[in-house]
Amino acid sequence: MTQYQYTRVWIPDPDEVWRSAELTKDYKEGEKSLQLRLEDETIREYPIDVQSNQLPFLRNPDILVGENDLTALSYLHEPAVLHNLKVRFLESNHIYTYCGIVLVAINPYEQLPIYGQDVIYAYSGQNMGDMDPHIFAVAEEAYKQMARDEKNQSIVVSGESGAGKTVSAKYAMRYFATVGGSASDTNIEEKVLASSPIMEAIGNAKTTRNDNSSRFGKYIQIGFDKRYHIIGANMRTYLLEKSRVVFQADDERNYHIFYQLCAAGSLPEFKELALTCAEDFFYTSQGGGTCIEGVDDAQDFEKTRQAFTLLGVRESHQISIFKIIASILHLGNVEIQAERDGDSCSISPQDEHLTNFCQLLGVEHSQMEHWLCHRKLVTTSETYVKSMSLQQVLNARNALAKHIYAQLFGWIVEHINKALHTPLKQHSFIGVLDIYGFETFEVNSFEQFCINYANEKLQQQFNSHVFKLEQEEYMKEQIPWTLIDFYDNQPCIDLIEAKLGILDLLDEECKVPKGTDQNWAQKLYDRHSGSQHFQKPRMSNTAFIVVHFADKVEYLSDGFLEKNRDTVYEEQINILKASKFPLVADLFHDDKDSVPATATSGKGSSSKINIRSARPPLKASNKEHKKTVGHQFRTSLHLLMETLNATTPHYVRCIKPNDEKLPFHFDPKRAVQQLRACGVLETIRISAAGYPSRWAYHDFFNRYRVLVKKRELANTDKKAICRSVLENLIKDPDKFQFGRTKIFFRAGQVAYLEKLRADKFRAATIMIQKTVRGWLQKVKYRRLKAATLTLQRYCRGHLARRLAEHLRRTRAAVVFQKQCRMRRARLAYQRARRAAVVIQAFARGMFVRRIYQQVLMEHKATILQKHVRGWMARRHFRRLRGAAIVIQCAFRMLKAKQELKALKIEARSAEHLKRLNVGMENKVVQLQRKIDDQNKEFKTLSEQLMAVTSTHAVEVEKLKKELARYQQDHGGDSSLRLQEEVESLRAELHRAHSERKILEDAHTKEKDELKKQVAVLEQENALLKDEKEQLNNQILCQAKDEFAQNSIKENLEMKKELEEERSRYQNLVKEYSRLEQRYDNLRDELTIIKQTPGHRRNPSNQSSLESDSNYPSISTSEVGDAEDALQQVEDIGLEKAAMDMTVFLKLQKRVRELEQERKKLQVQLEKREQQDGRKVQVEQAKNDLDSDQDADLAYNSLKRQELESENKKLKNDLNELRKAVAEQATQNNSTHSSPDSYSLLLNQLKLANEELEVRKEEVLILRTQIVSADQRRLAGRSTEPNINARTSWPNSERHVDQEDAIEAYHGVCQTNSKTEDWGYLNEDGELGLAYQGLKQVARLLEAQLQAQSREHEEEVEGLKAQVEALKEELDKQQHTFCQTLLLSPEAQVEFGVQQEISRLTNENLDLKELVEKLEKNERKLKKQLKIYMKKVQDLEAAQALAQSERRRHELNRQVTVQRKEKDFQGMLEYHKEDEALLIRSLVTELKPQTLAGTVPCLPAYVLYMCIRHADYVNDDLKVHSLLTSTINGIKKVLKKHNEDFEMTSFWLSNTCRLLHCLKQYSGDEGFMTQNTAKQNEHCLKNFDLTEYRQVLSDLSIQIYQQLIKIAEGVLQPMIVSAMLENESIQGLSGVKPTGYRKRSSSMVDGDNSYCLEAVIRQMNSFHTVMRDQGLDPEIILQVFKQLFYMINAVTLNNLLLRKDVCSWSTGMQLRYNISQLEEWLRGRNLHQSGAVQTMEPLIQAAQLLQLKKKTPEDAEAICSLCTSLSTQQIVKILNLYTPLNEFEERVTVAFIRTIQAQLQERNDPQQLLLDSKHMFPVLFPFNPSSLTMDSIHIPAYLNLEFLNKV
């Protein structure tokens, strides 16, 4: 065999196992060595064995390095596998790799973010080869095969201790729990996961290799029902390492539960355990360290307790379990003392640990003390009790501890299985086997022997399964099958388990009374020395070697017999059986162990095999032979193999990369050992023996199309093209085989094809380079020639221009010289002339200055003389004047003293006092003037009063004359009484006038004073406001920019909060709809399960529309008042009442107003009571003045009767009022309005009583007059002429209030109706009428006076309150102003803004309250008007109906009457019984296709017209019923068509339109701005449907979410294929080999593939449907924004989980596809939806794939560009980046580290994948319709004839 230069090979290396090298020269067959160059550039000569001619392994091309599947490598051998795993683990940080059917998992010793819920959902439903290798992919494959093939599955997880087996099994179970879920509310998946903390606590321990090593094997079966939901689980355990309970090696620990319990020993409930720290106990301190770094034992113990509780273990049982565990620790600390003879020992009775042990287990102290040091020997004749030596006692104690722990372990496993057991029928199951891998230590004992025996069995099953799959693959592809020789380890298994094998000889030796380990080893030597799998060590007679499939292992026979027997003395067990604690006794009783192993197979009868208990049965009685541990283990292992053989296995091989537990550190030696031991290399060997490389025809054609000749491409049959190409390229036909769907290659052939492809590309590249370089040289020559010509042209021109310039400059120089010489001469002359003039000027000036100086000196001397002389004269004058002044002062002082003496004498005289009182006289004069003014006013008033009294006197005189005349005629008794009454009335009237005058004067004065005070305060307030505004303006001007920026930020934050709140609300709606759907599903299931023949009646109190019975009733008035708001808050509760700030301030203000009103009403009530008391006194005085006995008798009798009758009426009225008040109080539930309403009712009651008393007085007086007049008439006296009724009464001309006048008139009328006949008094009753009129006028005047006084008092109080309020406000403003001045400018701005906001808020609240009151009053009046109109209409209709009936009876023949056509008012009437038909015709049975040619959203318009008619007739029940039925009908339709996009879109548009109609015609001005006058006529009149609008809004959200769900379900299968896999640009991408896990979409012609055009067609279909059905454009924009986000999320998540698509060509395809989608958005005018912004992460990912990835500048460009991608996503894409051609370079680890260093400052979320289930909150903007209701036509085919147009 010849190998050429530059060929890369693998050579062995003692440190790195294998090293890469390159041939420096060609190698020819027969040469003895290879000349190699290593990667570090060292030259090395590699010797070749000439006899075997074994050449080194060839290295794969770089293009194949880092593949997801090891079987995709062209050269399959150990160094290729090791290198591929190393590259993936260290450079790409990929811990999972496929190797055929095996998933190789390398423990990273670091937490990776690849196990979240988002990753689980990303792998759910995917084919195994579609995504990167992952434990979730294996779990999904098992789950899918179980559902598809209906066959049980198993996942076998194996590996060394510390390789990550337990974690892998845990993640697999988490996947099943998440994807499968539970079918009911039992949460069985949570219980399955909760079993892990318990099993880790009692079965895991720290070893030198692993901090959480499983020291037992377990097989967990997860059961599923027919719907493949988890219904239960079962666990089997294998070979618990009991020896760890009593012994731990250095740097190891006992089981975790011991340390957890010690950490929690200080808790109160564990005081009785008497535990201290773990260092104090022998069984937990042998290994040295008792703590694990990063592990909190107390916290783990809490998790263990929670898991026990979740699995249903009672608290008492938990305490018992912890007692047993604590007793084991105390047993290990029991001190055993050896006696002197050495053959016996004893335990101190005071040993506290033994006491604690006995107390915790409930056994007798003395017995346990005795039998720990003694044993019983039973012979045929007698029984002996023998003492034991110290070593025997220690062994017995340790055996007892191990036995107790093992029994407790079995009990816990049994109870976990009970908790996970289900009574439902199990359809299938998936088993997860977490079992120890192959182990070899320096000293290997019985445990390692059993572990390696189990691995031998599992490896045999694995080999046969791999061989079987290979055979099935060849037969499926119709490839000629040749037998492949693979390693069969059956001889090794026979050596262990066959007859007279190692286990049989061990059991036989255990039966011998004095059998020893040495004897057993000798028997092994004698029996198996000839076996090829058994060897004897040279230097030992107690050890033996077994040649396992993985390696040779030397076992030390010491301890084999003891561990196999597992002997515990029966006496100690009997003591434990007698424990007073039931749990301890149950652990050791025989009755539960006597059940055969097959008894538990019943629960697994539904599966395809019988599952038996993994816990081997113990002895049935003491006499029977106990089965050894080896026999039990062999039996359980056979059961496990039966289970695995009856299932489809999936394999996970866990690899430990290093022994130091360093994160992402790879030790090749350790890795190779494990790869050999776990069977990965055997899989590779089996694959390499046949045709390991397999290509689908389609993929092969796409990859190697460049090798096909052009004429062959004309053939359309790709298979024929592939055949012809391979036959031309590979001459040996044995190197490949053509299968039915694939091409099979021998090892190395793919590398050869890759070389040919690279050569072809290289040749094409050279040709392209040659052509391009030639073209570049031609272009360069042409450019140089053109440049030369240009240079020559420019140079010649330059020379000519330079000559012309020289000539021009020469002539210019001559001109310059002439001018310069002339100028020089002129300047010399001018200089000489100026010098002469200057000399003359200076000389003349000097002479003139001399003369001037002389004159100046003479003038100054004259001035000096003048001033000196003047000064001397002034000094002389001052001396004379001073002397005169001194003389005058002395004289004047003398005179002043004399005058002072005279004044003192005068001050004591009376004249002085008079002069002092001159000012007082002025004041007296002023007061006198004021008195005069008051006297004048008094005179005017007295004159007015005199005028009034004169008029009164005239009237009185007239009355006296009339009375005298009347007395003459009728006698004087009644006239005297009337005269007295008139006088008393006149006196009262006069007194009332005087009081009124006084009150008016006081009122006017106080009013003026208050007005003045208010004016002053207002002026001060205005000044303060101006100052405040000036300061605020100055401050605001200074910080205007900052405030604007802050306001913008606040607006953005508020918008963001609003979006978040809307999103949370819509998520709640979505969750509600989901729960409602789940409830309906459960109800349907329950109905199906419990269905019995016959008709079942629903309960009477249950509606048929159960899910929608919570809709609100019609609210006929808005809850707009503050009292109603308070009532709502109190009803709901303060904690649940969600009030915003405005409502809170509004209610606070309302409370203050109510408090003020309450105080006012209390004051009024007190005043009324005082007035009532005065009135009662006056009435009593009047009654005492009556003197006539006959009248008094009549009056008293009548008054008594009236009082009795009125008393009864008043009692009834009072009781009714009390009932009404009580009912109102109970309804209001003690709100603020209840005391006010009660006081108001009391006031009304008092007023009514007062009025009633007055009326009764009047009636009684008139009746007495009638009685007396009747008596006189009977006596025969004749009547006189009538008294003139038109007597003018005092104050008759004054204005009387209209209401009081009407009241007086009604009083007179009532009095007239009560009297029998006024003719009894006189002919026309003029006297009585006059008297009644006088009383009514007096009462009116009194009422006016009282009303005015009340108004005056109220006004005064109101003004005082305003003044107080203004004072308080002024104080507050001054205080705030002072505080503001002390603040900084920024704080002043903020404080001013806050004050202004609060002021505006209060003003807005006041205005809102006023508006709400007005609106409420308006609505009430409108409602009353409508009610009256309805009554009038009903009355008219009834009259019309009666008339028509009357006419019908009158007519004798039939007459046809033509109905006059009326205009359609946009209302539809229907009968209540037709409602179901309406819903059925318009909702449940309506199909969108039937309304294709009609107005969009026609059902919504029809429903609104029906609602409008129900509102028009004021039928709230009809409105409620119609809306509820409509909503239920829509829900029913959507539930039935939950996958129909067209139906969902149809009802979304109709629901939104109905919602818009209810808003547009609600009567709210905010929704009526775009209405026409005609549309305003169609508004609702009676009902406020705000609550139903909210219900419809929620329903719209649910429909929108269902619409998105349907659209996503349609698009999601297309996205990955269309965006990532389909070749939008032909020939751009190349397919790489995919190995055993073939791509699901890589089928012939892409059977399951979709192109981008299919996605665009589907979105076109969605858009057309929504547009034609009249869905709002804003909602359509939001739909496509959501869909584009889903496309972005699914594509990016797939990109992040697939190595094969992270390439430059994929980036190009992505950018092209995204541009196509953007163009589609622009074409549909949807670019404003924000859909492109949601695609930003995908756009940046595509750009990242195409950018350069070498230099630090490239890293900086990537960091600045990829802002929408997180750091994890960027690093993940760079790690996944895979060149498709060898010309591309991989991303180096150093470059990725540079990216990570630059992105450290980012605060990105830890989530790797995007949430594809995320849904943006939807907004339904108000979109009014331009149609009027009367213009809508209803087609006849809707069958709505029962609807009548109104």
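The backbone N, Cα and C atoms fix where each Cβ goes, glycine too.
If you look up TrEMBL, you'll see 4-56 marked as domain 'Myosin N-terminal SH3-like'.
Under the heading domain 'Myosin motor', TrEMBL lists 65-758.
Sequence annotations record features per position, and here TrEMBL assigns ATP binding site to G159, E160, S161, G162, A163, G164, K165, T166. Long-range Cβ proximity for K165 (ATP binding site), meaning a same-chain Cβ under 8 A and a gap of 6 or more residues, is found for V157, S158, G159, S214, D434, I435, Y436, G437, C654.
Under 8 Å from some Cβ of the region 'Actin-binding' (637-659) lie the Cβ atoms of residues 85, 89, 99, 101-109, 135, 138, 141-142, 145, 149, 151-165, 168, 172, 209, 219, 236, 238, 431, 433, 437, 453-454, 457-458, 461-462, 465, 608-609, 611-612, 614, 665-667, 670-671, 674-675, 678-680, all in the same chain and six or more residues away from its ends. The region 'Actin-binding' annotation in TrEMBL covers 637-659.
The coiled coil annotation in TrEMBL covers 893-944 (among others).
Summarising the annotation, TrEMBL assigns region 'Disordered' to 1088-1120 (among others).
Under the heading compositional bias 'Polar residues', TrEMBL lists 1099-1118.
The annotation region 'Disordered' is assigned in TrEMBL to 1164-1191 (among others).
What TrEMBL records for 1164-1185 is compositional bias 'Basic and acidic residues'.
Residues or ranges marked as coiled coil in TrEMBL: 1200-1262 (among others).
Here TrEMBL flags 1331-1461 (among others) as coiled coil.
The domain 'Dilute' annotation in TrEMBL covers 1524-1801.
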Margin query: Given a 10 Å Cβ-Cβ cut-off, pick out the one of the binding-site residues S161, T166 that has the most other Cβ atoms nearby.
Written below: T166
Check: Neighbourhood of the ATP site (G159, E160, S161, G162, A163, G164, K165, T166): other residues with Cβ within 8 Å of the Cβ centroid, in order?
Finding: N107, N210, S213, S214, G437, C654, K656
Item checked: Candidate with sparsest Cβ neighbourhood (10 Å radius) among G159, G162, G164, the listed binding-site residues -> G162
Next item on the list: Let me know how many other Cβ atoms fall within 10 Å of the Cβ of A163 (ATP binding site).
Entry: 25
Notebook entry, point to check: So how many of the residues in the region 'Actin-binding' (637-659) end up helix, strand or coil by DSSP?
Noted result: 9 helix, 8 strand, 6 coil
Next item on the list: Taking helix as H, G and I and strand as E and B in DSSP, count the residues of the domain 'Myosin N-terminal SH3-like' (4-56) in helix, strand and coil.
Entry: 0 helix, 25 strand, 28 coil
Note to self: Using Cβ atoms only, which residues of the same chain lie under 8 Å from E160 (ATP binding site) while being at least 6 residues apart in sequence?
What the structure shows: R209, G437, F438, E439, C654, K656, Q674, A677
Checklist line | Averaged pLDDT, computed only over the residues in the domain 'Dilute' (1524-1801) | finding: 85
